[in-house]
Amino acid sequence: MFLMNILCLVIPILLAMAFLTLVERKILGYMQLRKGPNIVGPYGLLQPIADAIKLFIKEPLRPLTSSKLMFTLAPTLAFTLALSLWIPMPMPHPLINLNLGVLFILALSSLAVYSILWSGWASNSKYALIGALRAVAQTISYEVTLAIILLSIMMMNGSFTLSTLTTTQEHMWLIFPLWPLAMMWFISTLAETNRAPFDLTEGESELVSGFNVEYAAGPFALFFMAEYTNIIMMNALTTTLFLGAFHNPLFPELFTVNFITKTLILTMMFLWVRASYPRFRYDQLMHLLWKSFLPLTLALCMFHVSMPALSAGVPPHM
């Protein structure tokens, strides 16, 4: 029975991830005044399936001087972690209702750094190594602000359980009282998922494709799938944290529809940002975090910690 639950969670995520690749190509196409994929199937709808078949039947080549174990382990770890991050997500019921769901998500997203580091180092290529080092520095840096923002939200929520956020936001979405944090959170999720304008790891002009430059076929597809699964997961988390999904006991099915719609809109914003902005320079990326976001989030976190003490109230303060 539990295996069935896991399959019911994983299969829709994989389908959503597959069609997100198509949506991205379509949206970028229309923004650049062209059609995008429109040959495979009606309106190009079967393109992701064709891509998957093509990638998984190709021979997975490996550089002669690479570390065999780490080279194959890294993409598997990346994809496993990307799927595991969904375990505590309330949609409306999580797979496992964890007391410390927020800490679980933070811990697993930190572990994802290892897969990037291993893939860059095991490839034995200078492009892959530089790309991996950049990705690790970027991910670790932005996780600091993500953790502080999450702490502020948990102060408003009163617990580390994600499921209670729905109750907290019954009367008002947390995006209204926490809008500076929400903006910084959204930008940090862009950096955390290595998306434009923060895709320094795969600067085509200098690093070819970044840490996955030596990968081909199946292992490359796993990295690709992990990236897009993480994008949907981050947007689902943003929806849960700031745009508390509609909760009505009379129409429980509306919760999921509402949740999916908000996640989709946020994902479209990711794609819109990608189509609109040029890439940041590496030093600008680090300055933005350490000199702008970190002091601001720390100040706001102190403010949210002091609120219960001042008002002598118990969270949620809504």
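Backbone N, Cα and C define each Cβ position, glycine as well.
The transmembrane segment annotation in Swiss-Prot covers 2-22 (among others) and rests on sequence analysis. Proximity of distant same-chain residues to the transmembrane segment (2-22), defined by a Cβ-Cβ separation under 8 Å and at least 6 residues beyond the stretch ends, is recorded for 37, 44-45, 47-49, 51-52, 83, 86-87, 95, 224-225, 228-229, 231-232, 267.
The transmembrane segment feature in Swiss-Prot is assigned to 37-57 (among others); the stated evidence is sequence analysis.
Among the features that Swiss-Prot reports, transmembrane segment is placed at 69-89 (among others), with the record citing sequence analysis. Non-local neighbours of the transmembrane segment (69-89) in the same chain are 9-10, 13, 62-63, 95-98, 101, 104-105, 108-109, 111-112, 114-116, 118-119, 121-123, 162, 212, 214-215, 218-220, 222-223, 225-227, 229-230, 233, 236-237, 240; each lies 6+ residues outside the stretch with a CB under 8 Å from one of its CB atoms.
Residues or ranges marked as transmembrane segment by Swiss-Prot: 100-120 (among others).
For 136-156 (among others), the entry in Swiss-Prot reads transmembrane segment.
As annotated by Swiss-Prot, transmembrane segment applies to 171-191 (among others). Packing against the transmembrane segment (171-191) from elsewhere in the chain are residues 138-139, 141-142, 145-146, 149, 152-153, 156, 165, 197-198, 234-235, 237-238, 241-244, 266, 269-270, 273, 285, 288-289, 293, 296-297, 300, 318: each is 6 or more residues past its ends and has a CB under 8 Å from a CB in it.
Per Swiss-Prot, the feature transmembrane segment maps to 231-251 (among others); the stated evidence is sequence analysis.
Residues or ranges marked as transmembrane segment by Swiss-Prot: 253-273 (among others). Sequence-distant neighbours of the transmembrane segment (253-273) (same chain, 6+ residues past either end, Cβ-Cβ under 8 Å): 20, 23-24, 27-28, 31, 91-92, 166, 186, 190, 193, 195-197, 231-232, 235-236, 238-240, 243, 245-247.
Taken from Swiss-Prot, the feature transmembrane segment applies to 293-313 (among others), supported by sequence analysis.
Tertiary neighbourhood of the transmembrane segment (100-120): same-chain residues 70-71, 73-75, 77-78, 81-82, 84-85, 87-88, 94, 128-133, 135-136, 139-140, 143, 146-147, 150, 154, 160-163, 192, 201, 211-212, 215, 223, 226, 230, 237, selected by CB-CB distance under 8 Å and a gap of 6+ residues from either end. Of the candidate ranges 37-57, 136-156, 293-313, 136-156 contributes the most Cβ pairs within a distance under 8 Å of the transmembrane segment (231-251).
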